[in-house]
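These come from Swiss-Prot:
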type: ACT_SITE; residues: C115; note: active site
type: ACT_SITE; residues: H255; note: active site
type: REGION; residues: 256-260; note: region 'ACP-binding'
type: ACT_SITE; residues: N285; note: active site
Amino acid sequence: MEFYASLKSIAMHVPSERVKNAEFQQFLDTSDEWIEKRTGIKERRFANDEEKSSDLGVIAAKQAIERAHLTPKDIDLVVVATLSPDFLAMPSTACVLSAKLGIENKPAFDISAACTGFIYLLSVAKAYVESGMYENVLIVGAEKTSSVLDFKDRGTCILFGDGAGACVIGRTKRLKESILDVQISANGNFSNYLYTPRTLKPTPFNAKEEASEPFLCMKGNEVFKLAVKTLLKDVEMILEKNALKPEDVRLFIPHQANFRIIQAVREHLDFKDEQVVLTVHKYGNTSAASIPMAMGEAYEEGRLKKGDLMLLDAFGGGLTWGSALVYFGGS
């Protein structure tokens, strides 16, 4: 191979509005203590009514492009992962975001893999770059999850937040600046564990019931058990496949869904506290945006430096899951 795919830059963005746990007490039978004990979440950010996922994503994307020492015209492909797209079916959020960046006549499409979206993005970008088809790929996890939440359901609405993370994937000749490995998987037999109901209305010729509200639905206990079991196996597999041990990893950056899930994986693999990046306490579950947001924060805090090896993992609706070993190739 003449070159490898490399994560050249990372940036994140969150809306300004902080929503603390106690604020849910206004309309739900819950409390700050109840939420934090079960999830590790203390607060999250919610976008305003005018903001869409693409608006959050474009801010992160502009910074990622700048940090890669590129301009929007240098981007060959844009791929967005989101479960809260700007439009129901079309156009894709990637197309909308591309236009806001001033990118024209370049391919753009969305990926639907829920909370595993960013791992899927890495897999797609790695394949395109290493095939030689594209040189610079912009990948964005952007979520306005607040737009798909039922605020009468305390089992879901307390968990999520809004935000975005973006990366530029380019080329390198150095293995230790590359996206070393990505593995993704899915099992649709559990699709009813975590889903957003169909919102298209039936025709007047055979209408029997009203269309479902487009709110996120989740079987929390079942998802928790499957997530822990699946992620433990998946992370062990990718480390073993690459002849690596937990101590070889500079940063473990899991999907920020629930502190208890993260802690179960961390303890099983014996990661030290300084290896683990946690943002769930202040941003909640931002779905496809959570991993790039956590990466972006680690970079801005000086914890992530060029050549550092990251282990990423995620689990989400589909059900989908995946993990990645990524050297940071930026500066």
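Quick reminder: no glycine exception, Cβ is built from N, Cα and C everywhere.
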Message: Is it possible to get the count of other C-beta atoms within 10 angstroms of the C-beta of N285 (active site)?
response: 23
Statement: Over the region 'ACP-binding' (256-260) the mean pLDDT stands at 92
Query: When you measure from the Cβ of H255 (active site), how many other Cβ atoms are you left with inside 10 Å?
result: 31
